[in-house]
Amino acid sequence: MATSALQYAGLVLGGVGMVGTVAVTIMPQWRVSAFIGSNIVVFETIWEGLWMNCIRQANIRMQCKIYDSLLALSPDLQASRGLMCAASVLSFLAFMTAILGMKCTRCTGDDDKAKGHVLLVAGIMFIITGLVVLIPVSWVANYIISDFYNPIVDNGQKRELGEALYLGWTTALVLLAGGAIFCCASCGEEKSSSYRYSIPSHRTPPKSYHVEKKSPSVYSKSQYV
């Protein structure tokens, strides 16, 4: 029962992590315009993402434009686009693998040991996905912070951390937690299958009672004389 609860908890976390990975990939709020110094135009907000940049005016109107060329992006955004696409595909594969290893599914048969190995593979894939998500999010955040405190960079070019980065960190933690739970669940499956035993079917032979025939005593012989 505890193993099933771990499997369902890991599957929920894995599903949330998969949705979060896709959301972080398509969200434009990776870099947000910073209102510092002479850049005090607060009614206009600039968002920069992996695929497009958007300009939002007074929380009413928003215009987005897809990047014309990949080479026009900074190196961190170029690498982040590839890593996040790989993470999205990997999270989907991990989620489908986890479904195949669940106790409630019959696609892989009733062999608990085989299902434990499938769950272990799914857990490792979720952990790798979490690390792949964590790398580009932290990389872009490092670039933003370095440019923000760089006096050479103009105030109009400085950016702040966007909502997509915070969501990316949360998603990475959820994926790591889901992968760890699946690894623990797979260990539980292997232990439960190894400790199973069958009731012995052999029967104990019935005890044989040998009645010893007593020889007549001397007294009994004298009675017959």
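Each Cβ is built from the backbone N, Cα and C atoms, and glycine gets one as well.
Worth saying up front: this structure is predicted, and the values here are computed from it rather than measured.
Look at TrEMBL and you will find 201-225 tagged as region 'Disordered'.
Annotation comment: TrEMBL describes 6-27 (among others) as transmembrane segment.
Sequence annotations record features per position, and here TrEMBL assigns transmembrane segment to 79-100 (among others).
The transmembrane segment feature in TrEMBL is assigned to 120-145 (among others). Among residues of the same chain six or more beyond the transmembrane segment (120-145), those with a C-beta under 8 A of the stretch's C-beta atoms are 10, 14, 17, 21, 24, 30-31, 74, 76-77, 79-80, 83-84, 86-87, 90-91, 93-95, 97-98, 101, 159-161, 164-165, 168-169, 171-176, 178-183, 185-187.
Residues 2-3, 6-7, 9-14, 16-17, 20-21, 23-24, 27, 30, 91, 94, 98, 101, 116-120, 122-131, 133-134, 136-138, 140-141 of the same chain lie 6+ residues outside the transmembrane segment (165-188) yet bring a C-beta within less than 8 angstroms of a C-beta in it. Look at TrEMBL and you will find 165-188 (among others) tagged as transmembrane segment.
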